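Feature annotations, reproduced from TrEMBL:
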- 15-143: domain 'Alcohol dehydrogenase-like N-terminal' (DOMAIN)
- 188-319: domain 'Alcohol dehydrogenase-like C-terminal' (DOMAIN)
C-alpha cells in the first residue's frame, strides 16, 4: 500500500548530509515490494513503513562536518550527487574479505531496508529530501549532464556483471566480442545490459520481451533481433531459427520472474553462460533439471546480487561519452510528481513503460 506522509525536516547529526531530491527511478525491486514480496536481498525482510527509491540523484542541501565522495574528494553544498543505495559496516566477514558491499551482514540500504518509523525517517528517494548517514557512497554527477539520467547510474552499475563474464571466460566460453547475446526481459535493467553488451562488441543482440513497446526501444539501442513473446516454446523455437539450432552464447535474464531462469538455461549453447540478474524477491521455486540444463551443456551460471560499487564512476563516464551517440532520453517513458505515485506505479507495472521517474 502506497501512501503519502509528511515528515519534519530533520536535524543533522555529525558527518551527515541532506540531499534535495531531483529524480528517483522506479526499479523492479520496488515493484516486487509493491506486489507484497518483502523478503529481498538474501531473505532479509523490508521493515515497514519504508520510503522506497534507490535510483537517486539530487543536490546537497546541507552538510554537518565533512562529506567525501567515493574517491575521497570533498563535497560541498550545491554539488549534484548520485548516492549508492547500500552502506556497509567494514567490520563483518564479508566486508573484511573484500566481498561485494551488498553482502555486508549488517548492511543498510536506502529505499529498501531502512525503515521510516523512526527519525529522521527520510531514507528513500521517493521524497523531497534524502537523509545521508556516515559511510554512504556518494558520486559527484556532472552538471552538464541531464540530472534525469542520474537515475540510470545505479542500474548501469549492475551491468558490471558483463565485465565479470568476460573476465572469467576461458578461450571457448562467452562473453567475447562477436558473441550472440540474448537479453531475456528488456525492461529498464534488461535494456541497460543490452546497451552495455552492444558497447562491448556483441555480435547478434537479441531482445526478448512480451512487450512490443519495449522491444522497439531495444532496437533503437542496437538489438539486431527481437522476439515478442513470453511463451517458452515460442522463444526457444525463435532462438533455434536465429542461431541455426546452436543456441546463444550468453543469456542475461532480466525477466523478473523465476521461470526466466529455466528458459535462459534452455537457450544457451553447449558451454554457454547465463547471467541471472532479475530475481530480487523470494517468490517461488521452479523445476530445474541439473543434468540436461547445466551439466550436459557445461553451462556457467553467474548470479548477480546487486549493484557494483566500483562501476558507478565508470557508468557516469560511459553515459558522458555516449551522450551524443545513444538516444538515452528514450529510456525515460514517464515522469511523475511524487504526489501522483499511485499513477506512476501503475504505469511502471504496465508493459507500455520503460523507465518511470518520480520527482518532488
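Placement of Cβ uses the backbone N, Cα and C atoms for every residue, glycine included.
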Would you mind splitting the domain 'Alcohol dehydrogenase-like N-terminal' (15-143) into helix, strand and coil residue counts from DSSP? 14 helix, 41 strand, 74 coil
So, by DSSP, how many helix, strand and coil residues make up the domain 'Alcohol dehydrogenase-like C-terminal' (188-319)? 59 helix, 26 strand, 47 coil
In this predicted model, the domain 'Alcohol dehydrogenase-like C-terminal' (188-319) has a mean pLDDT of 95
